[in-house]
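What follows is a short report on a single structure.
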């Protein structure tokens, strides 16, 4: 029994460990960050009896009573900082007191040249160091699954600081040590300052003492970061200020240690090379450990030329006042020694040229490569590189395994090689710009040879990139090719090359642009392709528009590059024209799309609820959006990628100061609160409004605050004192938005009264009243030059106005729901709008025109329906019109006008000669489609009409509002009102014999009525959501209904019982459903549904839903395979389907045709 309990406990612990491991695996980790990672396997610790006093001082700081949480060890290149950091990390790791280590390196590159995975890597190591800390870190990940995308301060505090604060039973004297090496190698200066600032918060810890050792060169960004900290927060140690006698003694011990190895390796006498030579080497080192290490490696690898190499070192000049010169001399000595004595002039020139080219590539790589990958990239045989590098082990870490990355022993060699003044032998000097240009060319050559369509042979267009195995990607996209795809643009940009039409770069883009996008998607780097694209005239401009518009789907499903991205590109897109042949052959009929790229640049999708606010950062590089899903997202304007997801109260409105810090919040408690975003200290509470505050904004000079309130006023406040300066009163409704012009002279306010008002900020006088919106105005924004005012409204539009005169300029309609916010970027070239449709749209403010669309309706399309012969389509719209379309040509044949409100329903008569339409104006109209004339207007409903149907013989019309009514189609006479609950009717259909009518309604029921008497025959219960569509089978014995509960139910019409329930939809079936003429299919507006049996008495319950072609969410699918992604602009409100032809109706008012040829 005891054993069983113990086993159960072990199983429980193991299960919990596995679960926690799964959470920790969500943390992105820089694999090469830790001091003992494989990439650093040859990096050594301090030699015994060297750095004794310094190492002891660091240990005393970490272990003793020093309250300063940070030890900053700074020194010049080559003074041994990384070796000291590694020694300390090793020391505390062995004693199980190392919290974590992160060694930055531009040489290794990848994730250790930047800070994107800094805090998550630290958290992952910390979790592995302690079970209790691991529990707290796992809890943090559980609470916030998006923490990996959050701001650095959130990651630091939630994943590191808070778990340390929560740790129980920690000994008061316990100190953990965090080692951060080579912080100056982090490529972003702002990230460096942030790291220094956040790490100083370790002073808040009490039970656990976390001591942070930071090493770096004394770069400005790091000095600036520490300058902002109190002196009590850090210990500052300057490595190169150590007494020369102590330093030289340490270098002597180091050299003696290495020469012991050389003696044993080559069989030299114990007194070789003599005290005098050792002393000379120490003197040459000039205090630089890297010089001594390079000299020892150079001599050690000399083979039979060891003595000669020693002499070359000793014969060099000694420069104790300029250590760099000593380092330059030894680097040059190593390079010159690689030239063999028996080389003739041509061989020497060829050797130096290849050496310069390959070394140049190594020192400018953005991520380290193996010799085999490097050889493939620069198109040089690996054997030639091996031979040329044989004498360069003193400066290069060359692994025996050709698949492991080659590295510099020290970053100072890079500094030397690219500096013409330091590398004064031009045979070896690397012109950095030319090296970048050459490497860009090599990248382009490799991609041109290797990239192709569907390079990983995925075959299916809907395959998601994350589902492709890493092994498959690495096989089909080897390391050299991945490097080329990811970094060729950066090399090109660093080369400062002037791009020209039809040069190598242009030709590559013409042939392989889409292949490149596909490859970037597979390796997870599509955002890099967007962000780093160069400016190459019109084609690259078009390419950039193409990738910006399609980034999200190419990133998710790479093969959609050739499907959705091409199919929905504008007709005149250069990318579309260039790669038109790449479109799949099974598109029989392409949708009619806009002609040119419009002003819309990107649609940013990611919020799960409506977006209510958006603002650009002052530098225009970021957009912040706030949503009712409780989050604020920060987006990269250049790429459209989500950078961070922040939690924010949905009642707040944000205001950014000119420094980019959010300091103002509008509150639901009738106040405006000002905060310092860095310290969290409350600055002011501005009181005076008598209703909740909708918006708050700072004047450009930061001296004024304007607030907009539900009390119908705008108030201007003194930001320093909190005093009310002006009350702007004039709106007849709540004021929803307020903003200043850039010069601070004007204030614009927007209200629920649908009006925008312009005010004089100094006097409070009303200047202009901007009228034109047909609904409330949610947001306003001045362009940076002050000439334009943009307003966003509940009518789904953005309007542009002349700020000086108040005159209307144009209307922009990009969204499918109300527009809640609008903002210009600081340079005025871009604007962003957000909407209740859940999207953020970026558009070109200079163009400002609506995207060109096929002609059609001027408002959202509510319904589309095929004629009985399939040759015509009728569409009904909010623009109060019905349009009859020719299916063959896609052209409009008739526009039926007469309704005085939106038209919600439309249907053809059985002979296809008439159309009946139902409207919000409470009438049904019967039209002659040949002449476009209204034949009858049927009046009697008391509410909007959402459903209409002809009887099979065309003599009757049924219409549904809150009740169902039957009419004589010829005379327009009312025959019956079918009594029932007063509830919206969504569909009405006659049985094939015309004797029954079935209706679908919002009360989740299907009803059957007797046409002759108007009596209720059956009430079919079973759905758990509104019933959208209903139909009879061809023999009238079955009824099928489609509901928002995501099911289709098949009923026995006579008995009123469910025969079959079809499940599997991911969304509701929106408009209609009918039995196919080819059993056993059900046709819906979303495609054909396959039933397991066509028998009316043998249906299996809960049959899994199968399908042919249908619309599911954002995709058109075939069976269970995704085949075509629908961009946000092409997701229909309604659709009809016949055979392989889709007709899609849109919020924009357009109707498009899309036909497949499977």
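The chain as shown is numbered from 1 upward.
Glycine too: its Cβ is placed from the backbone N, Cα and C atoms.
Since this is a predicted model, take the numbers as computed values, not measurements.
Taken from TrEMBL, the feature domain 'Nephrocystin 3-like N-terminal' covers 56-217.
Feature annotation from TrEMBL assigns repeat 'WD' to 604-645 (among others).
As annotated by TrEMBL, repeat 'WD' applies to 686-727 (among others).
What TrEMBL records for 728-769 (among others) is repeat 'WD'. Panel annotation: around the repeat 'WD' (728-769), residues 691, 694-701, 704, 706-716, 775-782, 784-786, 789, 791, 793, 801, 803, 805-806 of the same chain, lying at least six beyond its termini, place a Cβ under 8 Å from a Cβ of the stretch.
Residues or ranges marked as repeat 'WD' in TrEMBL: 770-811 (among others). Across the repeat 'WD' (770-811), the model assigns an average pLDDT of 88.
Residues annotated as repeat 'WD' in TrEMBL: 812-844 (among others).
The repeat 'WD' feature in TrEMBL is assigned to 854-895 (among others). The DSSP breakdown of the repeat 'WD' (854-895), given as helix, strand and coil counts, is 0 helix, 22 strand, 20 coil.
The repeat 'WD' annotation in TrEMBL covers 896-937 (among others).
Each residue in the repeat 'WD' (938-977) gets a DSSP state, and the totals come to 0 helix, 20 strand, 20 coil. TrEMBL lists 938-977 (among others) with the feature repeat 'WD'.
Sequence annotations record features per position, and here TrEMBL assigns repeat 'WD' to 978-1019 (among others). Residue counts for the repeat 'WD' (978-1019) by DSSP state, with H, G and I taken as helix and E and B as strand, are 0 helix, 22 strand, 20 coil.
According to TrEMBL, the feature repeat 'WD' maps to 1020-1061 (among others).
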For the repeat 'WD' (896-937), distant same-chain residues with Cβ under 8 A (at least six beyond the ends):
859, 862-869, 871-872, 874-884, 943-950, 952-954, 957, 959-961, 967, 969, 971-972
Three-state composition of the repeat 'WD' (1020-1061), taking helix and strand from DSSP:
0 helix, 23 strand, 19 coil
Mind checking which residues reach the repeat 'WD' (854-895)? Cβ under 8 Å, same chain, six or more beyond either end.
592-593, 816, 901-908, 910-912, 915, 917, 919, 927, 929-930, 932, 1071-1072, 1132-1136, 1138-1139, 1141, 1143-1153
What is the number of residues in the repeat 'WD' (770-811) that are helix, strand and coil, as DSSP sees it?
0 helix, 22 strand, 20 coil
